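To start, the structure itself, in structure tokens.
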Amino acid sequence: MFYQQQFDVIVVGGGHAGTEAALAAARMGSKTLLLTHNVETLGQMSCNPAIGGIGKGHLVKEIDALGGSMAKAIDKGGIQFRTLNSSKGPAVRATRAQADRSLYRSAIRDIVEHQDNLTLFQQSCDDLIVENDQVTGVVTQMGLKFRAKSVVITVGTFLGGTIHIGMENYKGGRAGDPPSIALADRLRALPFRVSRLKTGTPARLDARTLDYSVMQEQLGDSPTPVFSFMGKREDHPRQIACYITHTNSKTHDIIRGGLDRSPMYTGVIEGIGPRYCPSIEDKINRFADKDSHQIFVEPEGLNSIEVYPNGISTSLPFDVQFELVRSIKGFENAHIIRPGYAIEYDFFDPRDLKQTLETKFIKGLFFAGQINGTTGYEEAGAQGLIAGANASLQCQGKDPLILRRDEAYMGVLIDDLATMGTKEPYRMFTSRAEYRLLLREDNADIRLTAKGHELGLVDEERWQAFNIKLEAIELERQRLRDTWVHPKHAAAEALNPLLKNALSKENTLEDLIRRPEMTYETLMNVTEFGPGITDPKAAEQVEIQIKYAGYIERQQDEIAKSRKNENTLIPLDFDYSQISGLSNEVVAKLSDAKPETLGLASRISGITPAAISLLLVYLKKHGLLRKTERKTA
């Protein structure tokens, strides 16, 4: 039977991608259905209890700048906050928060349940309704049919999921949850390229059985960083410590002794695992010269006895897990509450997606999260928001939201996936962004919030707060440019001891902040020049904009040059074999990828600048040259 209400957007899956997708579509006014196999696990952290990190924190800030939920939820559920790379430049500084799983999940559910235009329904999705190569709805496990104009699939590791512990394996989406077999079969029957990936998780330990006195204590930052641009420190629950210990040569011997029963090393697991979050088996094999590896002992919550030993993900048999855990300093009497395991699952080649995350073969069908080959909550959430927004925009007949590589890490993420694909779980790093000085955590709102407000993703409260901050920055920068200090100025006596070289000529306050030894805060402490602006985030923005102005201007010049032909459209049915001078390999790659623009074509692996030049000349010669008119943020 058909459900009586028709929706604009249906989102399948209630994880990090699914919740952001459903919330985005609903915020934009689309009637949205979030279909999940269990409403109790909305926003569940299936692996490590943490949000953020290098590159990942940047994505969280961008999600937040567009009105998303992840940063708000971790501010309410974070039990330890740290700024990584705090001694380095602003481009690579990143926020990371340890999470209380229960508090984080509750925060996400609260946001979902109070979102207008969003309906929750608990059922697995077993089938898609596709008519004339366009998705028109879904069919649930009990045969109930829902109609919609767009469908977003965000099913994580559930598609054909198989859990491995030693040589034993069974079907599962994650420990304790069933897999999605029928939907996996349905998607495999469509013309998408499909393969398998693998990820894993460590055993969970009973905190009461660990000896913390022999471990290194790791405290959070004080004062604590705040993740959301709308957040405040008062949102944070009680803060607690993490701990650090290490594997040793005995641990490694135990692991080597169990490799003959490892599903990874006996060929049982075919999927490729994450390069940057390898299992402990992989670590001792790939880094055989190392006699120890670091383990972060992370609490799972304020009221939980479980800890997450980050660094010893494994799918070894339980008896080997037991021995290796107890060989570690501080874990000698550890009780394992849940065994570690690996999970193998289906993913679909993201080169079969448009930059909107809509599939190229089925109109109205969008993919987001691990189904596209990524790993990590943050990568999933970022894709979910973009997919949900574009599903809504398509329903409204509006131009899509496509973020460029120079505008957002979200743009880098999706561009990498759609143009180059991936053969292993994709993780975001700052090194993936060629314009990372412009894509800092601190300016995510300046880059994206205006666009979010225009699209309906950002509410009025956030918009007003953003404009107040922006005005404060602009007024303060003008004041600093207009205030001059002469060597004989009354404040010079207090100022000179703060400078490497005393004032010898007239300077503006902006000139003084450009000096390496001077900070905005230090200058404002000089009575004649302070107190400055009270919002620390606005003050930080003032200082960064002044100190890095030259570098930022150079990157903007580079972007202007590279963007010249970036948005030149290529006809979707274009026959590349018509172009004289293109090699068969290049013709095959371009025909296979079907890039929408010259910019996308240029980033396909193996496509040379010479090939792009030939393509551009052909398009000009045959009157096919036109720029995209779609909106990009």
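Glycine is treated like the rest: Cβ placed from N, Cα and C.
These come from Swiss-Prot:
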BINDING   Gly13, Gly14, Gly15, His16, Ala17, Gly18  FAD binding site
BINDING   273-287  NAD(+) binding site
Among His16, Arg275, Lys283, which are binding-site residues, the residue with the most C-beta atoms within 10 angstroms of its C-beta:
His16
Would you list the other residues of this chain near FAD - those whose C-beta lies within 8 angstroms of the C-beta centroid of Gly13, Gly14, Gly15, His16, Ala17, Gly18 - in sequence order?
Val11, Thr19, Glu20, Ala21, Thr36, Gly43, Thr154, Val155, Gly156, Gly369, Ala380, Gly384
Ranked by the number of other Cβ atoms within 10 Å of their own Cβ, which of the binding-site residues Gly13, Gly14, Gly15, Gly18 ranks first?
Gly13
Secondary structure at Glu281 (NAD(+) binding site) (DSSP, helix/strand/coil)?
helix
Which is it, of Ala17, Cys277: the one of these binding-site residues whose Cβ has the most other Cβ atoms within 10 Å?
Ala17
Using the alpha carbons only, what distance in Å do you get between Phe287 (NAD(+) binding site) and Gly14 (FAD binding site) once rounded?
37
Collapsed DSSP category at Gly15 (FAD binding site):
coil
Report, in whole Å, the straight Cα-to-Cα distance of Gly18 (FAD binding site) from Arg275 (NAD(+) binding site).
25
Between C-alpha atoms, which of these binding-site residues comes nearest to Lys283 (NAD(+) binding site): Gly13, Gly14, Gly15?
Gly15
Taking the Cβ of Gly273 (NAD(+) binding site) as centre, how many other Cβ atoms lie within 10 Å?
22
Top Cα neighbour of Cys277 (NAD(+) binding site) in the set of binding-site residues Gly13, Gly14, Ala17, Gly18:
Ala17
If I take the alpha carbons of His16 (FAD binding site) and Glu281 (NAD(+) binding site), what is the distance between them in whole Å?
28
Does Glu281 (NAD(+) binding site) have same-chain partners at least 6 apart in sequence with Cβ under 8 Å from its own Cβ, and which are they?
Ile255, Leu259, Ser262, Met264, Tyr265, Thr314, Ser315, Leu316
Cβ-based isolation winner (fewest other Cβ atoms within 10 Å) among the binding-site residues Ser279, Asn285:
Asn285
